């Protein structure tokens, strides 16, 4: 009954995809992994980055660059940071948004090497319209930008297992009835959009996929060269960048050896009894950064054979009205087990710099980082390679409120740990060093005065210094 044929075919493809996923969901009983079969991956399947870097670069790296496309996962909204619209349009540094930084990085690459690396954005029905509006502003940049949409699937009532949508529309009472089914959907929707074939026809062989909010995910020429220099019969079709786990990363998915394949193990797949073991930093030492290098012909082959069997993640949600629903999702990295000669590369932590909260935002806006051609690098003046541990309380959750509480971003070069709770504001040119804890009691307010230097200090109670 839909007038637009394009819309109709998009909906039919969506329903077909959902039907397959739902069917598999009904069949699968119990956890998808047998804990006893899990092994640590053999050394040679997870190469240290330094070993890959030590091979150097050939003079003609531009030839390899011209076989690459960069894909950014751009389906998410900025709601968790109190923003409306696509998360990629939040300003993170010097008025640059995530999207601005991405375009600058790729443009810099194209200019430096006289290459033609296109940017591909995987949008969702939540972000597509707003993102496309903004793309006008990059018309005169030296980077081709393509977009495609990830699928739109119906949320299901947890009790009845029936879709809660009343019609195909996404507005009004139906707004909460649909969801984008996780980034594992990239393979099917990329293929269905026709963009996969288009890029292959243009001579592209690999995509570099990452989350748009990971500011560390820049194109790495050494990893690219490693992919391109493999002998044809041993072509590596999938590289997952992993990095060493710290206490802050205990929930991240990890790579395991399972029935002769590398496989991504997510916390959602772990039997309850083994969750603590999964979280330990000793048994599973690395986690997935979601920076992935994937062969385009291999995606095409696997899609056409319908042989990518991604584990289903069941994500329970409670809607505003209190209704319990589930949404079925898959993860892009879970496909690693289907590709030939897949491997992990253990990269420096600097390639994993996600901005999920205002605490992360504080770090990337500060003098801990310098910005060069769209890429953030840790300041040479910082003595430690690790970033400070920052915990900002609920008064800082929303970006607007967060910005209002800082006259400017404090000097954090020598900071190890910062905890801020309650109604706290920072004057101009504050300097924070060592461990700083600032706790305003309920109903009280703490103003850190301009020019203050706090080193290993606990500030609590009520502090207001007024100019007269």
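Every residue gets a Cβ built from N, Cα and C, even glycine.
Positions annotated as UTP binding site by TrEMBL: 87, 150, 182, 213, 356. Sequence-distant neighbours of residue 356 (UTP binding site) (same chain, 6+ apart, CB under 8 A from its CB) are 80, 213.
Under 8 Å, Cβ to Cβ, and six or more positions away along its own chain, residue 183 (substrate binding site) finds 73, 75, 122, 150, 211, 290, 330, 331, 332. The substrate binding site feature in TrEMBL is assigned to 183.
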- Item | Which same-chain residues, if any, lie at least 6 apart from residue 182 (UTP binding site) yet have Cβ under 8 Å of it | 313, 315, 329, 330, 331, 332
- Query: Taking the Cβ of residue 87 (UTP binding site) as centre, how many other Cβ atoms lie within 10 Å?
  - Reply: 24
- Between any two of 87, 150, 182, 213, 356, the residues recorded as binding UTP, what is the biggest Cα to Cα distance in Å? 21
- Item | CB contacts for residue 213 (UTP binding site) [other CB atoms within 10 A, all chains] | 22
